[in-house]
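Have a look at the structure below, then the notes.
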Amino acid sequence: MAPPPNTYSESWWGGKEERGTPVVVKMDNPYSLVEIDGPGMAAPSEKARGKNAKQLTWVLLLRAHRAVGCVAWLAAGFWAVLGAVNRRVRRSRDADAEPDAEASGRGRAMLRFLRGFLLLSLAMLAFETVAHLKGWHFPRSAAGLPEKYLRRLPEHLQHLPEHLRRHLPEHLRMPEKEEIEGWLHRAYVAWLAFRIDYIAWAIQKLSGFCIALFMVQSVDRLVLCLGCFWIKLRGIKPVADTSISNDDIEATAGDGGGYFPMVLIQMPMCNEKEVYETSISHVCQIDWPRERMLVQVLDDSDDETCQMLIKAEVTKWSQRGVNIIYRHRLNRTGYKAGNLKSAMSCDYVRDYEFVAIFDADFQPNPDFLKLTVPHFKGNPELGLVQARWSFVNKDENLLTRLQNINLCFHFEVEQQVNGVYLSFFGFNGTAGVWRIKALEDSGGWMERTTVEDMDIAVRAHLNGWKFIFLNDVKVLCELPESYQAYRKQQHRWHSGPMQLFRLCLPAVFKSKISTWKKANLVMLFFLLRKLILPFYSFTLFCVILPLTMFVPEAELPIWVICYVPVIMSVLNILPAPKSFPFVIPYLLFENTMSVTKFNAMVSGLFQLGSSYEWVVTKKAGRTSSESDILALAEAADADARPPPAKLHRGVSEGGLKEWAKLHKEQEDATAAAAAAAAPGTPVKKSKAAKAPNRIFKKELALAFLLLTAATRSLLSAQGLHFYFLLFQGVTFLAVGLDLIGEQVS
């Protein structure tokens, strides 16, 4: 029998009920429908009306306050942008004092071309606007004329081929002689005839060629994505040999047995004061027998303060028992390749079997060598094991987010697919382990290009060495946070391959590798992905598309402008699914970067001076959250050892004294120079400041060109073309004003 209901608990709303006892509330009439103006509807009182009116007033006031706040926020943001633009325009001359390909004579040709193109487009826009206002685009009584008359072509256009006649606008009708009014109208008619006879077909032919290249490159990208999908589906990945032989036990008897070959770690750096300490700290904490590992810090810095700091950091870790040495070249030639070549010439290098390379901003995990070196065991043809990059500042700003999309696709798709199916890919220059014999058989590091990593990879591939890419082994590093640093990095990355292509092409045909590998190296690795991609991207979207707005007889299909690029951008963003909201900004930004990549490709192909320039990418010195864990492990390890010499901020006591002395000398020299220049003026201590934001003239010229073309598209009522040109022009404008990356106030 059920217990009687607890009326007390029901009336008290569960306040005094027993813990865990549910409260059941029964409603006699759960669905009570009251008819409006019916007998059950009570008349609203004046008090309720006043209350509702007050509530409505407060809601409206709250929404009005939010609207005003939104408008004020937009106005403040717009004013801040205008202020930043004004400051950058005023500082542009000072910023241009830094060496740059754009400011030199060899870089002015493209800027002059873009300026001339812009001036011509503005003149054509003014001309077309006058013609549109006067109705010269249409017959005077177009509404009352039959359709067949509107489609009629003049006699001198009957000879046009069918594919050009098909692209002629339906409203085009050349006026008769008696309809021409004045010299301006006559000039416009002559311009119409000239662009149809001589310009339209040339633009149409060039656009067809670029569309064909675009489709070939799209198919290549689709095949790479399918290959990556198949690798994920089947779980294909390199497997290391973890077995332990008797030779391994004898060679590492003091380390408990295992496969621990002699490994040399090289850390090339140059004036990278922001990141040297973190990088050296991570490398020195790699889990490997210390007597079987040597760390070379290859310092090419010309800043004496930076040299002293790096030397002091090396001294600190040497006192802690790490086998580490500091090297500084007196003859600093050949950039990074010359630095590595000089380090490999040391006599003690012959005692080592493998060499791992880390740039100054890389932070390897302690198990890096244990995850990479075992792949060499039992695989004598393996020359390189490459790890994937991971980025500590990928969410810092919009620029780093877009870079993360690009590089995630590069590692997840390009490197992994080429490594699995071809056993060849371009060495990324860092976070990789080389077999020293492979380097020596391939001629070692060469200084002939600025992409020494790709150079050694191609030569090793021609000698028959195989590569492995480990997608699950990641090494933290930094992305450039400013557009200026990213632009210089991309210029070097795209000019060097074209320079290398010219140099190694004879060696490719003379090599003994298979014909298929030769074709892949020439057609896909160099031509399609290094030359064709920047060529068609710049030509199609930055030159031909604006031209078709002023020459409407030649047009680009909508699927070329919109649909296929969006699909390709979605494929690019799949390895980084969290970045999917940035698919449209990524597409627009990649088109913007085509200017820099095209310019770099041309300079490398024709061996212009800018292809030999090497600029060290600026670093911010950011670290990961894993640094805290490593610091705790370091502290625990330090407790088990006798206390070393007193350290301060990661430098030894002797190194700190030397640095302090040098720093004081520099301060005294600065104070003396300031006093001599302006006697009686107090001297302010200056901090190391970042380079200010600047304006980029090529991007600005293209921004105004695309916006002019967008305005012209309104006269032809081309809606989708207008929106694409508008957004692309605004993107060029934001990049040209350096509003996309790090903002230095």
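Just so you know, glycine gets a Cβ as well, placed from its N, Cα and C.
According to Swiss-Prot, the transmembrane segment annotation covers 116-136, 196-216, 531-551, 556-576, 695-715, 720-740. If you look up Swiss-Prot, you'll see Asp300, Asp453 marked as active site. Taken from Swiss-Prot, the feature substrate binding site applies to Asp359, Asp361.
Between Asp453 (active site) and Asp359 (substrate binding site), the C-alpha separation comes to 12 Å. Touching of the transmembrane segment (196-216) and the transmembrane segment (720-740) is ruled out by the presence of fewer than three CB pairs under 8 A, sequence neighbours closer than 6 excluded. Sequence-distant neighbours of the transmembrane segment (720-740) (same chain, 6+ residues past either end, Cβ-Cβ under 8 Å): 81, 84-85, 88, 397-399, 482-484, 541, 545-546, 548-549, 556, 558, 561-562, 584-585, 588-589, 591-592, 693-700, 702-707, 709-710, 713-714. Residues of the same chain lying 6 or more positions beyond the ends of the transmembrane segment (116-136) and with a Cβ under 8 Å from any Cβ of it are 175, 184-185, 188, 191, 543, 546, 550, 701, 704-705, 708-709, 711-712, 715. Separating the Cα atoms of Asp359 (substrate binding site) and Asp300 (active site) is a whole-number distance of 12 Å. Taking Cβ pairs closer than 8 Å, the transmembrane segment (556-576) reaches residues 207, 211, 214-215, 218, 221-222, 225, 228, 404-406, 408-409, 411-413, 540-541, 544-545, 548, 582-584, 586-587, 590, 720-721, 724 in its own chain, all 6 or more past its ends.
Under the three-state DSSP scheme, Asp361 (substrate binding site) falls in the coil class.
When other Cβ atoms within 10 Å of the Cβ of Asp453 (active site) are tallied across all protein chains shown, the result is 21. Here the Cα atom of Asp300 (active site) is found 15 Å from that of Asp361 (substrate binding site). There are 23 other Cβ atoms within 10 Å of the Cβ belonging to Asp361 (substrate binding site).
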